[in-house]
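**Student:** Please read through the structure below; I'll follow up with questions.
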């Protein structure tokens, strides 16, 4: 006979309400029925030496006392075998009860076995039968609901204090586990919802990866679950309210006026009203307060301030007059930025510290971006420092802005720090960030580090632009790195960019700076075959290569060949030679020829 047959429907309802909501109806797979004909061991109160004995220190050979030697003829032996074939025929409440009892017996059996290691299975089953019967009787009286969450309960007449405490502790653990299981199953449903999947895909597309992406997905699913639970509770309240007509409502008001039940209901309705109010704010955004009278005069004074003026006194007066909310601050800052951009940055920085503004990470990032565009690096760094001091962590947008800012200012170390920080947070750089970092490396004379980022872009299927390739090629040419320049030139061709006059001229320049005359002439001839005419800069590089080897006749022949082909060197050739490595004596010899 299954234990659930001992319970009335009212008991099932009481168990379901223990945590304010129905417990999980998912069966754990542990099925059982209870009992055996067995005497109770001395962990129950006998009239003897073991009356106050500890549950954990019970005797190894339990002695059965006649006053407490009871036979449970109404139940059968405890059986934990799986009987899932009957689950489909049970109602939801029966499944909930079976879930509770199966978990309870499973844990309690272990505790009894540990406390009485010398007792055989039949004796342990007898103990379980009596314990479960007592728990059932308390459920019938509503005792379990009253005692849930208590660390220690008043001992029963039959059980020792330690056993009674253990019973209630196990009951609490079981109920908490069932509630967690229910939430976990519900969470799985929302993790697979279309809205959460869509946000997850979008976050991945903008570059969010790793642990942060997983955390965001669980956060969005939890928010959707809380939103669903809120609307379910609201719908339930509406149904209850609809069932209560005018006489009932009058009676409800009287109950609310006094008594603990009325207070609890009032608190519940206050919470509902707050949530409804917040929801309405999202659907219908607030409008800024109208500014008039003295507040308008103060506003005009602020708008007319000069950059050197201190806006703090007028701003405090304005706050006292208007008592602004966030929407008022935003409207005021937009107007200030439009009409007086010089004083805007000062006031925007002050506003970030105002409690009524409720500054978030986006407010900081917008101000930092505006300051960076105005080349106000120190001010932007000060805002970034305040942001960290206030415990607001930079997001991907803020870190991207910081990377661009430091790259533009030439502060490579700070740019690298911001770049690595963004990747440590799981953010993947986009094309703009890569472009800024590569140009920063190029400007710092470190083209190899820029090339490594270019290779990283290729592995992520982000195609570098022609401008990135040319910037790297130009940097390799300036330092005379022929191998690096050749790698970039070859990669450009594989990427679909054909050699241009500029790229060929840069290859000639790289070879000239490296002192590789033959390779320089090869690249020069290759450029001519491709139909590109050498400009004065390219010609100067070639002549400088001959000058390093003191081959004046070959330099002159080159100029004569160019003249036959209709390419006449201009004054820029002499300028490039003077700027380059050609000596004055070499130029004089060319002039005599």
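Quick reminder: no glycine exception, Cβ is built from N, Cα and C everywhere.
Taken from TrEMBL, the feature domain 'PROP1-like PPR' covers 413-519. Summarising the annotation, TrEMBL assigns repeat 'PPR' to 360-394, 395-429, 430-464, 500-534, 535-569. Annotated transmembrane segment per TrEMBL: 570-587, in sequence order.
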**Student:** Do any residues of this chain, six or more beyond the ends of the repeat 'PPR' (395-429), have a C-beta under 8 angstroms from a C-beta of it, and if so which?
**Tutor:** 206-213, 361-362, 364-365, 368-369, 372, 375, 377, 380, 384, 387, 436-437, 439-441, 443-444, 446, 460
**Student:** Using DSSP, what is the helix/strand/coil residue split across the repeat 'PPR' (360-394)?
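**Tutor:** Taking each residue of the repeat 'PPR' (360-394) in turn, the totals are 26 helix, 0 strand, 9 coil.
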**Student:** For the repeat 'PPR' (360-394), could you work out the same-chain residues 6 or more beyond its ends whose Cβ comes under 8 Å from its Cβ atoms?
**Tutor:** 345, 348-349, 352-353, 401-402, 404-405, 408-409, 411, 421
